[in-house]
Each structure stands twice: as C-alpha cells, then as structure tokens.
Amino acid sequence: MKNIITLAIESSCDETSAAVLKNGREVLSNIVATQIDLHKKFGGVVPEVASRKHIENIDAVIQSALDEANITFNDIDVIGVTYGPGLVGALLVGLSNAKALSFALNKPLVGVNHIEGHICANFIEDKTLEPPFICLIVSGGHTHLVEVKDYGKYEILGRTRDDAAGEAFDKIARALKLGYPGGPIIDKLAKAGNKKAIDFPRVYLEEDSFDFSFSGLKSAVLNYLNGKKMKNEEIVVEDVAASFQEAVVEVLVNKSIKAAKVKGYDKIVLAGGVAANSGLREKLIDKCSENNISVKYPSLKLCTDNAAMIGCAAYYDYINGRISDLSLNAVPNLKLGQK
Amino acid sequence: MKILGIDTSSEVATVAIMDDDKLIGEYTINHKKTHSQKLMPMIDEMFKSCEITPNDIDLIGVCIGPGSFTGLRIGVATAKAIAHARNIHIAVVNSLESLAFNMNLSKGIICPIIDAQRNQVYTCKYSWENNTLVSIDNISVKNIDELIDEIKERYEEVVLLGEAVDLHKDKLNDLDNIYIAPNSHKLARASSVCELAFEKYKKGDVKNHYDVVPYYIRKSQAEVQYEEKLKRMGENGK
Ligand SMILES: [Zn+2]
C-alpha cells in the first residue's frame, strides 16, 4: 500500500507549527516556532501580537518541516490544519495558508479540531495505542474528560465550567509574581514544597458530574495570600505552589479514574500542555496502578501545541473520507465532536 | 505573464487575473466581512471560469494594507502560500495607492480613505503626473475632521474614495471642493492591484514570499499600552 504523507499546520495560540507525517503516526518532522518570550512582557498571550508573529513565521516554518522531512510539496497527499478552538486571528493565519496551499497544490484539505489533535498526540507517542480509552485533556485553554470510542469518535464526559486547569496555574503564578507561563514554574517550585501545608478546597461539583471548576480554588489561594499579607506573615511560595497543585491534581485524577470505572475502561490517556506537569503524572500513575488501570501520556514536545498531533488527527479523518472544502472558516469556540 | 491580484484589506474581498495588459477576470464581493469563508472559493471559481490553473500564474499581487488587521492577514497568508507552492514572486501594493489607481488619469488630487476606527482614517494623497500615479504626501492615520479641514483649506479639487467615504458621508456631502468617486471606482478592485503589481514587476520591485508581511502602520493595542506603561515608570523613576 502506498504511504500517505500529511502536511499539518497549527497556529491556534502562540506556537506556529508545521509537521510532516507518514501514515498518520510516524513523524518525519515537527517544527514549532514558539512565541512564549514575545508574550512574557504582557503576562499572557496577546491575540494581535500572536497573529502578527504567525504570519511572519508561517511559510518559513512550513518550509523547514518539508526540508527536515526531506520532501517537497509534490510528495504531500493531504493537508491538515487546525480550524478551532483557539484565537480567531491566530487560527486564520494557518487556515488561510493551508487553504491556499490546498488550492495551489490541488491536494485535499482536512480541518482539525485542536483538542482532537491533543488526544492524537498519544497515537504518535505510542504506536500500539488503540481506542477506546478515557482521555483527560488539560491545557491553558481546555480541561476535558473524554471517552474516545474510536478514531475521530468522541463523547465529552465533562469539562471545566470556568477556568481551564492551565489557566488556573497561570493566574496563581501571576498572583505569586512568578512569571509566565505559570504551569512549569509552579510545578518546579511544588517539588520543594509541602503539598499538605495548606488545605485548599477540592471542588467535585455534583455527585455524578465529570465537570470541573477551578475558580473557587483560585479565589481560595488569593484569599490565603491576602490574609497572609494583611497579617504580615511570611508566605512560603513553595508550600503554596505544592498545596495548590495538589488540589488541582487530586480532582483531575480522581475524576479520570471514576470515569474509567463507570465506563468500564482500563486505559487512561493524558493530553495537553498540563499533561507535562510532573505532579499530575505521578499522582495519576500511582492511583491508576492501585486500580489496575494503565496510563499513557505524550512526551513533552507532543504535550504542548504542535502540528504533528494535528497531522495525526487529519490522517484518520482523511482515510475515513472526512474532507473539508475551501470555504472552511475558523471556529474559535469549536466543540469536540463537532464538524 | 499572468498575475493574480488579491485585496482583502477592507469590507470588500476582490480578486482578479490579468494577462499582461489584458484583464481576464475580476470577482468582487462587498457583502459582510467574511473573507475567510469567501476568498478561496472566489479565487477557485474565477480560475475555473477563466479556464486557468494555479500552475499558469507567474506573479501574485497582494494588497498589504493599511486596513483591517485580520482582513490583511487573510489576503497576505493566502498570497504567501500560493507563491510558496508555486515558487513565484509577490509584488506588494498598498491599499491606498490601489484605490487611487481606480481613478486612473483623473485630474486633481485623489485622496483615498480607509476606516481606521475611532473616527480616524488611513489616508494619503495622490495625483497623476505624466501618466504615472505619484503620492504627494505620506500614508498616515488621521482624524476625519482634521482631514476635511485640511482639504477645505488647502486644495482646489479633491476626489475622495474608499470604503470610509460611506461611513462619513454626512460630513463630506456638502463640501464644494470634494468629489466622491462613482460606485464603480469607489471601492477596492483587484484589477488595480494587478496593474500596480505589473508596474512593480517591470521595475524589478518584487519580493520573495518569505519577506511579505502586512503593512499595519499601527502597533497592536497591547504594545502601545505596554510602551505607555514603561514611559510612566520611567517618569516616576526620576
Ligand atoms: Zn492546545
């Protein structure tokens, strides 16, 4: 059978990325131009600044992906591109580029849901992984608990009702004046702190709900910090970081395990930028081994936003005949499972 | 040689194909700003109707601004990708010279205006001298009332055009020395982009697609605020 080569483009937030994949799961190249340093001075991603950087970078990133894979445009069978969710201006750069390439090269186009891409990062990481399984997707933009029934077939079991998990990390990091992005900084500090030092609330919502809520926890941390400041007491940043992270992680892990049990699965898969959090990984591995559930998670480079994961999702859509047309528009709040 | 022209800098989405001096197709839509959905289908449709393929295109002319930031990026990203795929050059055209070109060979001053929000417009002044379009001042962002005062005081006869004309119609209608371009010439047209691109190509003024970026004039709001903050901190630090 002929190999299928996918060119994938991702520009939904602050990474401009392009990748080339063979048969959906073998990464021939995965170029990521990150803008983290550019947004640091603003304390978060600024959409207009991100969009401007994307358009400066995009064709050079695509060319690097082709070069590193040692192919030319002619070798491509299908073009995959993120069309949502994400920052609309940022999405439109990658999407406009991908549509024009599809037209000029006369190659089919597949619009990919970014969250679906995060799930698919695991298919690249572990070539033997097959659906079905439970997937916990946690990043700066999303927190989803999903039943992955088959390639491209998802049922959302729960999602955050307010802040995304990664967003909560960023906000707490900002309150502690630790810089941006908050996740890796808090993770690092937490290692030196006592996670039982402060008893922050764990929000489980209704008895059988798989939804999440982190805004109450965020307020509790902010109140704690204010209280300490008013009383002129010392704040042990490491302990705050460790206790906050533990409160987030415990709820994420317990809900994931409950979802696996309720749905009868013995596999939990992590995805998204926060999947790189060591506290989350450790706790999930621990709890899952107690419950005879296997755990998978992508390596760091595949956890954060990248085009390879988009290419994998595009491949499965392509072989299943799900092709987009040239009128494809960016959908900033695209839901998982929506087409 | 065949040139594909693209302009999505305003409410208007317009594309054209020109073969040397012959315009073979032009497709313009001035209906809601849905460039992302419509631009590629418009190009596709025009190519089919003109019986040409992307392989036939030798040069791309694209309007890089000033104008709507997002609109510009849709057009520029599209032009860059086609040029990349086809390994051809891009000639960049600014949105004001392109509008002025619509008033080919007219006498007097031509003053295109493009909405820059908050009662401001992107503008510049042009005139035709010896069959060539020349700019007689610099591209700038101006308050519309200041621009009107300036025209009233300084110029005998000015032709105004661009989408912002409709926006400020009430202010412009009763001025003696201002003429509004007819609808056929008032808005962006990719045929003008093609012609200007061809002129630039003849002068060797073309770019590699990697080097083409939108011409925003304005910094992003976040950058402006950040610089103001730094300035304030600098002043307080004294
Ligand atoms: Zn993401």
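Using N, Cα and C of the backbone, Cβ positions are placed for all residues, glycine too.
Bear in mind that TrEMBL entries carry predicted annotations, made automatically and left uncurated.
Taken verbatim from TrEMBL:
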DOMAIN    A:26-311  domain 'Gcp-like'
BINDING   A:His114, A:His118, A:Asp305  Fe cation binding site
BINDING   A:Ile137, A:Val138, A:Ser139, A:Gly140, A:Gly141, A:Asp170, A:Gly183, A:Asp187, A:Asn277  substrate binding site
Would you please pick out, from the binding-site residues A:Gly141, A:Gly183, the one with the fewest other Cβ atoms within 10 Å of its Cβ?
A:Gly141
When DSSP states are folded down to helix, strand and coil, where does A:Ile137 (substrate binding site) land?
strand
Around ligand 1, within a Cβ distance of under 6 Å, which of the binding-site residues A:Ile137, A:Ser139, A:Asn277, A:Asp305 show up?
A:Ser139, A:Asp305
Here are some binding-site residues: A:His114, A:His118. Which one has the most Cβ atoms within 10 Å of its Cβ?
A:His118
Give me the CA-CA distance between A:Gly141 (substrate binding site) and A:Asp305 (Fe cation binding site), in Å, as a whole number.
11
Per DSSP, A:Asp305 (Fe cation binding site) is which: helix, strand or coil?
coil
Between A:Ile137 (substrate binding site) and A:His118 (Fe cation binding site), find the distance joining the two CA atoms and give it rounded to the nearest Å.
7
Note on Fe cation: the CB centroid of A:His114, A:His118, A:Asp305 has further same-chain residues inside 8 Å, namely A:Glu10, A:Ser12, A:Cys13, A:Thr82, A:Ile115, A:Gly117, A:Ser139, A:Gly272, A:Asn306, A:Met309, A:Ile310
Looking only at Cβ atoms, how many others are within 10 Å of the one on A:Ile137 (substrate binding site)?
29
Give the mean pLDDT for the domain 'Gcp-like' (A:26-311) on the 0 to 100 scale.
95
Could you state, as a whole number of Å, the largest distance between Cα atoms of any two of A:Ile137, A:Val138, A:Ser139, A:Gly140, A:Gly141, A:Asp170, A:Gly183, A:Asp187, A:Asn277, the listed substrate binders?
18
A:Asn277 (substrate binding site) has its Cβ surrounded, within 10 angstroms, by a count of other Cβ atoms equal to 27
Whole-number Å distance separating the Cα atoms of A:Gly183 (substrate binding site) and A:Asp305 (Fe cation binding site) is 14
Within a 10 Å radius of its Cβ, which of these binding-site residues (A:Ser139, A:Asp305) has the fewest neighbouring Cβ atoms?
A:Ser139
At the level of the C-alpha atoms, what whole-angstrom distance separates A:His114 (Fe cation binding site) and A:Ser139 (substrate binding site)?
11
